[in-house]
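In what follows, a single structure is set out as structure tokens and then discussed.
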Amino acid sequence: MRTAYSVDSVRAAERALMARVPDGALMQRAAAGLAVACGQLLGRVYGARVVLLVGSGDNGGDALFAGARLARRGAGVTAVLLAPDRVHGGGLAALLRAGGRVVDAPVGGGADGSADADGSAGVSERALAALDGARLVVDGIVGIGGKGGLRAPAARLVRAAAASGALIVSVDLPSGVDADTGQVRGDAVRADATVTFGTYKPGLLVDPGREYAGAVRLVDIGLDGELGAHDAALEALQYADVERLLPVPGAESDKYRRGVVGVVAGSARYPGAAVLCVAGALRAGAGAVRYVGPAADAVVARFPEALVSAGPPAAAGRVQAWVAGPGLGDDDAFLRDAVAADVPVLIDADGLRLVDVSAVRGRDAPTLLTPHAGEAAALLGVSREEVEGARLESVRELAARYSATVLLKGSTTVVASPGGGAVRVNPTGTSWLATAGSGDVLSGLAGSLLAAGLGAGDAGAVGAFLHGLAGRLAAEGAPVGAQDVAEALPLAWRDVRGA
Ligand SMILES: NC(=O)C1=CN([C@@H]2O[C@H](COP(=O)(O)OP(=O)(O)OC[C@H]3O[C@@H](n4cnc5c(N)ncnc54)[C@H](O)[C@@H]3O)[C@@H](O)[C@H]2O)[C@@H](O)CC1
Ligand SMILES: [K+]
């Protein structure tokens with residue numbers, strides 16, 4: 001399991017560890033790891049031109065100590081100081097001792113400037129010129145102490161660094177990305193790589209921050225023991241975690257023991273949604289799929305193994321979980337039956353629009369809601385952009401409002417439980433999955449995992465993982481349709497099981 005901790009937890013863990021190690025030891029560990037990563041990116045350190053963008057806190061200190069290490073290996077290192085009067089003294093001294101150069105960013109060497117008419121944002125010509133011809137820029141502007149969007153001088157330098165064509169390495173996290181949420185307000189560093197210390201931060205694993213971070217490398221500074229006392233803010237299942245959770249049938253299994261999933265989906269207008277939902281459900285671990293609704297002919301024509309009926313759901317026979325909503329149109333009668341059933345229910349698509357909050361909140365069995373950003377926005381009464389910019393906040397808020405597990409689909413799919421706790425973040429997503437009907441496949445898949453006995457959080461996270469992996473395997477760099485994704489699900493299973 002990959003975990004990420006909140007800034008508060010990181011700070012508390014660092015305090016506890018610092019009390020037991022010599023002064024400055026943690027920063028030295030961080031800087032050593034950072035310098036190694038920079039050296040690997042550069043290939044040849046000797047003679048390389050490196051620019052450090054140095055803010056006023058310890059993030060800048062890390063950059064300065066790492067810069068000193070690179071300078072000792074023969075790099076030409078220039079530190080651009082955003083706040084010369086508040087720079088990390090020890091780091092600056094180390095860089096100067098190692099032969100590094102220093103340039104003040106503010107015009108006239110004063111404190112942080114502000115936006116001005118010529119667009120220089122109070123940044124000196126010398127600071128901007130330092131970036132010319134740089135091979136590597138180290139972003140030590142702000143780390144976990146960053147608040148709000150980057151101030152104007154920092155933003156100006158970030159734009160100049162991006163235009164310089166140099167490789168950009170962010171220290172701990174890209175400056176301008178909110179460490180706890182991944183939100184980006186205004187300018188932020190777009191890094192080729194981010195070297196983070198002690199633990200992942202949530203903003204490195206969730207878009208939009210994740211996209212800004214580039215390849216993320218974790219440097220061990222000895223925090224693990226201390227972090228154990230805190231709850232992770234985020235968890236990302238890895239292959240081994242998913243393998244443990246997959247519902248693999250035993251010798252005694254029959255279709256009921258494996259789980260039967262019922263699908264309430266499709267309409268005369270949207271029969272395809274029913275077919276795709278069943279396609280996902282058939283390849284996810286349940287022993288049988290019952291389809292209930294007006295698209296029975298289309299379903300059985302494509303999948304003779306599906307058990308179909310015209311409805312209502314209560315007359316369909318035994319099921320261990322329902323999936324309700326894809327392509328339903330405006331008819332909510334079967335949806336209401338499914339929501340009233342005392343088994344786990346997954347609600348998706350039209351079902352999210354039609355379902356009553358109080359009916360969901362009143363359920364005893366687990367509920368899993370699977371909105372995309374647009375649907376989540378409608379449920380929360382905000383814009384789609386607000387949801388996309390604040391995925392963690394949105395998914396937590398929905399889980400609390402509906403007293404349900406919520407899987408928010410998108411560039412980073414996240415799953416929150418009603419009782420709070422760590423949000424699951426899916427590491428396998430791919431933009432090829434942004435295709436019509438792909439969500440119907442996911443709802444069938446995750447519903448089938450519910451029927452097979454997984455809890456709602458596990459069903460959502462494992463479903464998203466397999467779905468993402470199937471999307472990648474099906475796409476292999478070319479466009480795919482939702483049916484291709486469903487058909488690649490067995491490949492994803494085999495990949496996870498190492499079979
Ligand atoms: N505490 C520790 O033990 C360790 C901390 N480390 C480093 O220290 C960092 C945290 O250091 P700090 O707490 O000093 O905080 P930061 O260095 O992350 O940032 C705080 C400074 O940035 C300025 N600032 C805040 N928001 C800004 C904005 N939007 N635009 C421009 N400037 C802004 C503030 O005025 C403040 O001086 C970590 O991210 C990590 O890089 C590492 O050395 C590992 C050990
Ligand atoms: K940074």
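The first residue you see is number 1, and the count goes up from there.
Backbone N, Cα and C atoms are what each Cβ position is placed from, and that goes for glycine too.
Listed by TrEMBL as binding AMP are Lys409, Gly410, Ser411, Thr412, Thr413; the candidate from Gly381, Gly437, Gly439, Gly444 that the record includes in that site is Gly439. Cross-referencing Asp23, Asp104, Asp132, Asp139 against the K(+) binding annotation in TrEMBL, which names Asn59, Ser175, picks out Asp139. A Cβ distance below 6 Å to any atom of ligand 1 is met, among the binding-site residues Asp58, Lys409, Thr412, Thr413, by Asp58.
Among the binding-site residues listed (Asn59, Asp139, Ser175, Lys409, Gly410, Thr412), Asn59, Asp139, Ser175 have a CB atom closer than 6 Å to some atom of ligand 2, in sequence order.
Under the three-state DSSP scheme, Lys409 (AMP binding site) falls in the coil class. Neighbour list (His372 ((6S)-NADPHX binding site), Cβ cut-off 8 Å, at least 6 residues apart, same chain): Leu408, Lys409, Gly410, Gly439.
Of all the binding-site residues listed here (Ser175, Thr412), the one with the fewest other CB atoms within 10 A of its own CB is Thr412. Calculated from their C-alpha atoms, the gap between Gly61 ((6S)-NADPHX binding site) and Ser175 (K(+) binding site) amounts to 14 Å.
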